[in-house]
Each structure stands twice: as structure tokens, then as C-alpha cells.
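Visitor: Can you read through this structure? Questions will come right after.
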2 protein chains.
Amino acid sequence: MIKSPLQIARESYAPKMPKALKGSVKIVEGKETESVADQADIKKMFPNTYGMPLLTFEPGEAAPTAARNVGVILSGGQAPGGHNVISGIYDGLKKLNPENKLYGFLGGPGGLVDNEYVELTADIVDHYRNTGGFDIIGSGRTKLEEEDQFEKALVNCKDLNITALVIIGGDDSNTNACVLAEYYKAKGAGVQVIGCPKTIDGDLKNEMVETSFGFDTACKVYSELIGNIQRDANSAKKYWHFIKLMGRSASHIGLECALQTQPNICIVSEEVEAKQMTLDDVVTYIAEIVAKRAEKGENFGTALIPEGLVEFIPAMKKLIAELNDLLAHNEDKVNALEGNKEKREFVADLLSADSKEVFVSLPNSIANQLMADRDPHGNVQVSLIETEKMLIDMVKAKLKVWKKEGKFKGKFKGQPHFFGYEGRCAAPSNFDADYCYALGNTASVLIADGKTGYMASVRNLTASSDEWIAGGVPVTMMMNMEKRHGEMKPVIQKALVRLDGAPFKKFVEKRDDWAENTKYVYPGPIQYFGPSEVCDITTKTLQYEQK
Amino acid sequence: MIKSPLQIARESYAPKMPKALKGSVKIVEGKETESVADQADIKKMFPNTYGMPLLTFEPGEAAPTAARNVGVILSGGQAPGGHNVISGIYDGLKKLNPENKLYGFLGGPGGLVDNEYVELTADIVDHYRNTGGFDIIGSGRTKLEEEDQFEKALVNCKDLNITALVIIGGDDSNTNACVLAEYYKAKGAGVQVIGCPKTIDGDLKNEMVETSFGFDTACKVYSELIGNIQRDANSAKKYWHFIKLMGRSASHIGLECALQTQPNICIVSEEVEAKQMTLDDVVTYIAEIVAKRAEKGENFGTALIPEGLVEFIPAMKKLIAELNDLLAHNEDKVNALEGNKEKREFVADLLSADSKEVFVSLPNSIANQLMADRDPHGNVQVSLIETEKMLIDMVKAKLKVWKKEGKFKGKFKGQPHFFGYEGRCAAPSNFDADYCYALGNTASVLIADGKTGYMASVRNLTASSDEWIAGGVPVTMMMNMEKRHGEMKPVIQKALVRLDGAPFKKFVEKRDDWAENTKYVYPGPIQYFGPSEVCDITTKTLQYEQK
């Protein structure tokens, strides 16, 4: 690896640690826990890992532990800080017993099933401290769900004498980690399983998990770019920048970036759904702000768009469901038609009246894309919809009508952007570097104490890192029953943006002012070495939630 | 303005200054100069500003100067550091005589003609020190070319008692600054004109102007993002990222970013033109690298694409010229056709055989775009061509053929990106903050000494800022005659990437290794406060050029 100067300088950063993790750790057991909902069902499914107590770490004496081998897996999409979770586990294990070993399974959960691994030694780990990416062992999207996989994994663990696994992943991966923990405990397999909360989307959080790692860094990278674009908009004064931000399920990223940068517009999917807004409502909302700013001669602005928006618009959701069905049944007929125009007309006539209305209102390029790009299951690929361009086209069309009616007198030129890959592998901010390292350390302590079915938890995150509270949360505590692929399943509740939550309320309080007036904030790039108020502050979301 | 924590911390940064600018300045006159070409023509057109000597500043005694008023203009696209040029002029003027005043004309050269201005006082300037953007007075693209404009500007200068103007702009703006200097000198108007070299594109450079300001910062922002994407590619191992980078004329940005990040592919427009490559040649070059990496199981990679690529492909240039002509003469007929398919067929039949071959090889969406989006003059809007997507589609199509032939056995999934607006208004790096402040200071010294038709110049830029050499270069020295809009004009020679230059040669030496093997470098975000080797190093382009 050829290291950049920043990477070299950053290697020697020593993550700041909670007081309780600095020396030996005493584990304090709290109250027994219940799942957030569907207690009876969850308890029945997790007889061995349900109801365990919350754990909190305090400074104290720890009994010496025998040497043991531990495996670690990175699961799903990249998030800044994954390497620090691993170095945190590694250092934690070595502190407990220098004979402890850490194995990394390659390419995600698939590596555990297929027995592809590497022993993580100091001369590997040291090159990845405080760096972004998951390239130390790679990641993957294989889901650990089948008994067959569990058994193969167990054989591989036995081969390597591994008695504990740490699974670093999002809500689904942690759910599966818990299922695996229960399975191994039930059969007395002698392999513990500990989860770690990862996702830039920020939708894995609850009372005991204040934030998932990576959210802080990713939002800061996007906010850097949004700020730069806003300064450009405010200098050139001629473009409306529509910026789509990664995150299919929840709008936490958009909301956080809005709180950091104060754009003119930020669409929050959860609000669109709650208000049962149509696509035209969203377009009208944006166009009205464009028109209002144009009245003051400000023919420029910024709008943040969540990646998953269309799936939160009830009418679009219905249209997509109908299209999935209709295209599956009429594939040959549609393909036989030569031009896109004919295809659109053919398809439109087979839709329900409501969906037809939505379909014909879409820009042709989007309608074509909805017909053309389907995944291997024949479904419309929502992630390929260029929502930012679709909205630019539709706002433009609406303003053209308003111009004729004399309701709009300005100019409108849109510039689309999409940010996602730019932030998932950024070098972790000081916050994420510290938080991840603490999470990794916490996992090592939970392992040493024989725990399974727990997620590493580090809380009180807006206080100084010294005061952070480390411990463990039973994964079952975060579960409820949800319908997945037609079946009721125990899953960790996904945390969407709460419309009664402090971050959203703060945004609502300010947004009209931000819309009409130009109140841009330019956060600039993540700083690692400067004053603490520049380098160590975490997200606005956490700050407002903790207040 | 609501300031971010970084902005507040950054306000107190004191730009590092060349030794000669720290105290009083003595101006040393060098040899008389000649233009780089067409000396007789240029001399004839600039009788009053041709042949002036190079100027170098040294520490020394300066005579006290009477109070005077100066105007400043930001011209053209934003570049990081513009605000520091202005604070450099401001501080320089105040040091020379606290009674000196600086006026900023609003919204670019148009503000000078229309007399829209603001007096720049400490309570304005101080809020913009070391920040990105041109929002302090705005910028604009009005060209100062007509005598009528010169006269109006003169009236406005007289009104404000302004006896010197600083024009901060790219090659065209500096050319016009010199024309204006000559015009005012010829008529004894008593208004000096000084230029300042700005452009993120890096194509305003020569023997005496080592780099234009903003290039350093913009390339660092793009390299941060490219590095993050590369780390993602290398973690997920499933996408080829095609990254288009701003810069219509020259590929300096792409080349610099390639030297900083070591991607698998970087297309350099100047090479494509010199080798008379066709679009298919470019596609084949990329596809071969994709195939070679796939053989090793590496179905991922990164490719940097210069924004202006298609205009450097001779066959595409010809096609676009033919389309401009053909569409102008057949607009009604084309518009009368209903479907895009019919339009494409109609147009294809009117093209020359060569151009038809290129046209039908294009993805339909690109061919449609070439027919649809024309500027007010009826010309194809090359800047709207999504070159990155076009190349993804064409590489994909080629690999499909190769797959059938057994020449390609991997997978190819492309992700398009375009970076431009993300970097133009970033807060200047230490290098650009220092360089711009020194340029501004230099301009103030040239003004105090009564100079006109000069560009502020600060050289020896890879040495410590202490050793930087400040002075002035007659703008006529950089000029040659070029055909513009059918007429021969005196212009500053545009600096394209030199294929015999050190940066390109370095790249050629390395690129095959970078293509096949994964040698990514992850530069990370611009740092303002850390170790000097992280914060103060300028571009690889400058480093190689100066060696």
C-alpha cells in the first residue's frame, strides 16, 4: 500500500477512550430486559438469549483470562471506522491476554461459511488504524440465515479453535448475529456471537445504541460537498443544485446534512409518507420555493433529496408495485413494441387510473427507465431512478406552466448531484475513530466475559469521550416482529426519522427561513488535527437528541 | 453569515508570505520582454504596453505613496482563494497608505460597466479571509472587449477617483485586462490595470506564471473524493467508477488527480488528440484494461475522464460540426418527426460516411442528446454530454461482444460520477491561501509603483513560501495571435497538457502498472492545521515541473 501523507500522519493517532476502558474493566449487570415489542414471540424464538441484563462497564479488577481465538466479519456496505473496530478488538484482546488471536473472515459472512480467512497480526492491523474502507478483510452481502450456513461456520470455527465471533453490520446483520448466537447457545456449540452497530444511514439506533458508526463521518463528507456547492451557488447565482444523498430507507443523512449546511430545501421521506404527499405535491413544494426566491432575484438554491424518496410516496409505491406485476405478465408484448413511446402507451393503458395519472406525469426518461431496468426478480430497480434529475425536469415543467400564467418570473437551471460512494470509505472523523475503537474494545471485553447475543454499546456520546459509557445490550431487546418477504420475522426495529424527534422539529422550525433567505453554512472538510471544536464535535442529530 | 467552526478557526490564519513582501519592497527591473510569438503583430497592437521589463521584488526601501483608490473585479468561474487575493490587495494597500481605499465591483466585469460596487472595508474583508467562493463581491462572465465598455468603466472610475483596477481572471480576462491597460494608457486616462492568474483548470501558466490559483485546492478536493471512491471500489470489489472531472480545454485536473490517487485509468484529452484516437479507440483502451483486471478476478476499478474529451476526438469534433450545420438547416424537418428513432435515422442519412459511422455507434441516449440540446446559437451543447455514462455504456457493449467471443470472462458494472462544483468554492488550501494573499499583495505593490499591463506573479512555488519570488510580468509577454470567432486576435497562450512535460511523462511511466495492479492512494481531505507535510505541499504537477 502506498500511503498518503495524511494516512501516515494519521496512523499514530491514539483514539480517545472512555474512562472505564482505559484499565481493567468490571462488568456491572443491570436490569433484565424485554424486547421493544412482541415480547412473547421474541422470547419464544430466543429462549437462550432473551431477557439478559443490560451491561455497563466500570473501572475495576478483571480476572485473568485464558488465551482464545476470535473471528471478525465485516458485513454489508462500507462505513467509516470499520478498521478501528477491528483494531479496537485486536488491542482489547491482546491487552486481556497477549496469546489471544484474531482471525478476519474475508469478503463478509461468505468468508465464514467458505472458510476464507487471515490471521490479523500487528503488521497488518497497524497499517489500517484510523483509515477508511473495509479493505483490510473486505465485506460482503451474503446473509447468514440458514442452519446449513451456521453448521459450516461452526466447523470452520472449530478448525481454527475460534470460540467467539464479532459481526460488524447493520440492523439485518445484527439480527442474524443474534439468531446465530441463539443457535450456538442452544446446541452448546461453545461459540459466542457479539454484534457491532454499523451503517452510514443512521437507521440502526435506539435507546441503548445512540448512533451507528460511520454516520458521523459520512454526513460530514456530504456536508463538506454540499457546503462547497452552496458557496458556488451563492457566488455564481445561476443554478439550483439538486443533491441526492445515499440512504434508501431513512432520511437521517439528508436531515443531518441539512442541519449542518442549512440548504434552501431538504425533503424528508418520512414526512412525505406521513403526509401522504403525491409526487406532484413534492414538485409543487419545491417549485413554490424556487418561485419565491426568484421574486427576490435569487435564481439559485440547493435542495437535498433522499435516495429512497420515491418509495415513500404512496402513489409511486403503488405504481411501482403495479409495474412489477404488469411487466412480469406482459414482458414479451412490451419487448415486441419498437419505440419507447409505444411501450409507454401500452403500459399506461394497463395501469389503474391513479397509477396511470402518475405514470404519464413522469418525464419520459424516467418512465422509460421504470420499464427497462429490472432486477433478476423482474422488479423495477428503484435505486437506479435518477430522482434528482426527475425532480429537476418536473419542477422545470411546472415553472414553465406558471410562467405562462404569470406566477413565475424568474429563471430555473438545475444541476443534479448524487453523493454516496464519496463518504462510505472516508477516513473516520475523530469521533468515529474514537467511537469505533471503543466499540471494538467493548466487544473484546464482552467476549472475555463469556457473553453472547449482545451488541457492543457505547453511550453518552455528546459528552467528552472520557465520560462515554461502554457496555453491552442484548440484541433481543431491540427486536420486534415484522413482515419480511411475506413472513413474520424477529428483526431489529429500523429507526426512521421521527417526526416528533428533536432533530426534525429543529429543522421544521428553521426551514421556511432557510428556504426563502440564503442562510448557507459551509462546514468545510473533516479536520483531524485542529482545535477541538473543529475536530471532535459529532452530529447535530446526536446533539439535539441528547439535549 | 452563520460561520462554521472551521471557518471561525480559519479566519485567524495568517498567510505565509515571501520574504520580499514582508516589509517594504524594492522593485528590480529585469530585461525587456518579447511576446512568446507573433512579436511584430502584438507590438503593433500594444504600442504602450509591449516590451516592458520583467519586475522582481526585493526587500528594500519604498518611497511613501499618496493615498489612492483602487477597484477590484472577479471575472469568470469561481476558484478557491479569490477572497485571499482581495484581502491581500486590501492589506497591501493599507500597509502602503492607510488612506488607500479598495472598491469591489459587483457581479464581475459587468459591475464595472454598470457602476455597481461596494467599498471593501475591514469589517467586510475580515469575514472572508481564507474562505472559498467569490461571494464577497460575486463574479460574472461579461467580457470587457468593447470601447464603449472601456469608456463607461472610465467614467465610473473617475466618479470614485479610482486610478487602478485589478482584474482577477483566467486567460481571456487577463487578455482583456491588457487590452484595457493599453487603451487607458494610450489615451492617458490615468487608470492602471493589473491582472491576476485565476482558474482551477490550470491552463493559465507559462514560464513566469507557474500555476493559476485554485488549481491546487480544487485538485485536492477531487482527489479526496477519488481516493474515497477508490477505497470503496477496493473494499466492495464490484464496481468500475467512471469519474468525469471539470475542465473543458485542458486535462491538467485529471492528470494531477491521477498523480495524486493512482487510478487504473486516466484519459488525457491532449494525448487522444495527438494520437488521433477515435471514440472506439478510447473505448477499446478502457475495455482492455477492464478485461485484463477481470482475468485476475478484479472486477472493479476507477477511470478518470476529462470533461472536454469529446472535443479532442477528431472524429467527434467533425461529427459535432456537421450536426451543428445540419440541424440548423433541417430544424423543422427534424422537429416534425415524432420519435427519437426516426430523428436519428433522418439525421444519420444526412451525415458524411465517417460521421455517420460515429453517430450510429453512440448509445441512443447520447445521440438523442446531441440532436436535442442546442444552445441559443443552435450549436450542440458539448458540456451537457454525459461522457462518463457514454463511456460506461460503450465499454459495456464492447465487453458483451468480447464475452461472446470468449475474450472477456468477468463482470462489468459502471458507476458514473462528475466532480466540478464540489471543488470550485472549497476553502483554499494553505498553499492557495498563501499564494493568493501574496498575489494580492504583489498587485498592490505594482499599483503603488504605477505599473499597468502587468500580471501579478509569484514564483518558485515548490520552495518554502519564504523563498517565493514575487514580481510582475507584462501580459503582452504571454501573448500570441490566435483565430477566435474567425478573426485573428492577440491572446494569452492557453497551456494545454504537454506530452513532453514531466507530469505527463511520469504518468506514462506508471500507468500500465496502475492499470493492471491496484495501487490506489487515498489522499484524504485538505488539512489546515496538521503537520506541514500534510498541510503545505502543493500539486504533483508543480513538483514534477519544477524538478
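Quick reminder: no glycine exception, Cβ is built from N, Cα and C everywhere.
Nobody curates TrEMBL annotations by hand; they come from automatic prediction.
TrEMBL lists B:ASP201 with the feature active site, proton acceptor. Per TrEMBL, diphosphate binding site is recorded for B:GLY77. For B:69-310, the entry in TrEMBL reads domain 'Phosphofructokinase'. Feature annotation from TrEMBL assigns site 'Important for catalytic activity and substrate specificity' to B:ASP172. What TrEMBL records for B:LYS198 is site 'Important for catalytic activity'.
So that I understand the layout, could you describe where these features sit and how close they are to other parts?
Guide: According to DSSP, B:ASP201 (active site, proton acceptor) sits in a coil region rather than a helix or strand.
According to DSSP, B:GLY77 (diphosphate binding site) is assigned to coil rather than to any helix or strand.
Counting only same-chain residues six or more apart in sequence, the Cβ atoms lying under 8 angstroms from the Cβ of B:ASP172 (site 'Important for catalytic activity and substrate specificity') belong to B:GLY76, B:LYS143, B:VAL491, B:ILE492.
Taking a C-beta cut-off of under 8 Å and a sequence gap of six or more, B:LYS198 (site 'Important for catalytic activity') has these contacts in its own chain: B:SER75, B:GLY76, B:ALA79, B:GLY81, B:GLY82, B:VAL85, B:ILE168, B:GLY169, B:GLY170, B:SER173, B:LEU204, B:SER212, B:PHE213, B:GLY214.
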Visitor: Give me the CA-CA distance between B:GLY77 (diphosphate binding site) and B:ASP201 (active site, proton acceptor), in Å, as a whole number.
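Guide: Cα to Cα, B:GLY77 (diphosphate binding site) and B:ASP201 (active site, proton acceptor) are separated by 10 Å.
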Visitor: So if I draw a 10 Å sphere around the Cβ of B:ASP201 (active site, proton acceptor), how many other Cβ atoms end up inside it?
Guide: 26
Visitor: For B:GLY77 (diphosphate binding site), list the number of other Cβ atoms lying within 10 Å of its Cβ atom.
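Guide: Within a 10 Å radius of the Cβ of B:GLY77 (diphosphate binding site) lie 23 other Cβ atoms.
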Visitor: According to DSSP, does B:ASP172 (site 'Important for catalytic activity and substrate specificity') sit in a helix, a strand, or coil?
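Guide: DSSP call for B:ASP172 (site 'Important for catalytic activity and substrate specificity'): helix.
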